[in-house]
């Protein structure tokens, strides 16, 4: 099929479906409730069972929300489940964002237009392998004694303010107010948390009921009585989550122990699984997933498939798990039925076949996958080492401290931060620079020359240097932990003193690095002091540096299109396309190699598209300052070290 025909078809499908079920703000209010006696939900007085899928609006470009929702509906689903991440909405205390990726109202409206009901997970904690489990990082600056997810006074103060704003925003979208939201979830898998604070859970429920009125509120916990014991809150309907390898009868029995009557609900039926850097790409067995789904639906259970639509942790929004510390990659493809890039997989069609046995499928053709373009190799040019970019990345200049302090103490929360001190004597022999408080990875440089890396496990690097030269420690925050009790230990940067030769280092300059300041304007202004990065003595590291290239986009109809950045011969770093931080790359570690670039990040004019890399470790540029990356039309998520 030609590109022209495929694009016209996609537009026609969206238009046709939108016309059939166009959003009507004056439509009649409905009712949604639990019929305990008959073990079912009632929608407008009639028995109702939802077959739902998870899609996270903050992980999908808004341009593609309707495309993904349409594909969900055409799979026979009648509902979509989504998280509300607090940290994408309350950017600073009292400063709220409801636009772009944070336009929850638009997402809910589009879901209703595609004839999908909504299961809305309010948090305030969401997990989801999202940065800090959805909490705004500025909470860490408010009170060092704050205990998250409890009735701790300082924590509840901020939750109360957030819930008041959120619930007022959500109320018009409730089903009983004419909107698509049929149920709201408080907290998430609270039974897996150490606190078991019933006062806290009761507070959340009362707050929701007081502001939203008569709405079905539910909780979600793991498969087991011990999870539900602390996760269940009196007055909220208890549901469970489990995957295709679990025994449904045992999991639903645990739910029934706490809900003697009422519908069976699996709120997270796993269609795949998450990835961690350095581990194989997770894949779910389609046959097993379909068979187990069929068995549960045959019992009348309500099912939400997690995930149904893959997504992306753009920028610095990936989370991490612990122990041990395991950051999540940029991709949140999850091996979902609809991929990170919106493609329909064999799993999609297998699940659709199962769902069709229980729900009537819409009488519309399934749209083709969105077009991807292979723009080929593009040459990257060395711009400068990180030290030369400091005036632009830290335009207000460094902060002075006697001892190093965490990011949060200077109210800087994401990405990279550079700590600098001056050698006060000569160190001609290798001398141990030691720190147990690196969060999470650091490059140690003397006079811009790299000497080694530090992380949570590697705590010592030997350095040499002359009196008066700078020692720089560039620290990367690789994502905050979002599950378990360690969420209360999420400070980033350098969180403990540094010693050199056994003596505590003092008198620090701290540079919070705003890497989004790297753009066409600033890249042309930076005065570089060297023609190429310095290398470590063993040749394994280079000075962290900025590289830039222009991306040629053909001047033809239906360009630009989605594409994938393939940096597989590079080391580790951050990629920015035009003004958007598309995420972290670490191809040698894997499993993710390519980074997804949705077409809205690209400009139509070919001369106006630029790619910037902040490369931390090594660039494939032997002997010169120019090298390349590839823009391809195929994702590569199952590395590492697997060359095509």
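Glycine is treated like the rest: Cβ placed from N, Cα and C.
Now, the feature entries from TrEMBL:
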- 189: active site, proton donor (ACT_SITE)
- 268: active site, nucleophile (ACT_SITE)
- 40-357: domain 'Glycoside hydrolase 35 catalytic' (DOMAIN)
- 404-514: domain 'Beta-galactosidase 1-like first all-beta' (DOMAIN)
- 553-604: domain 'Beta-galactosidase galactose-binding' (DOMAIN)
- 1-28: signal peptide (SIGNAL)
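Annotation for residue 189 (active site, proton donor): spatial neighbours 127, 220, 221, 222, 227, 231, 241, criterion Cβ-Cβ under 8 Å with sequence separation of six or more. Long-range Cβ proximity for residue 268 (active site, nucleophile), meaning a same-chain Cβ under 8 A and a gap of 6 or more residues, is found for 54, 220, 241, 242, 304, 306.
For the domain 'Beta-galactosidase galactose-binding' (553-604), the model gives a mean pLDDT of 96.
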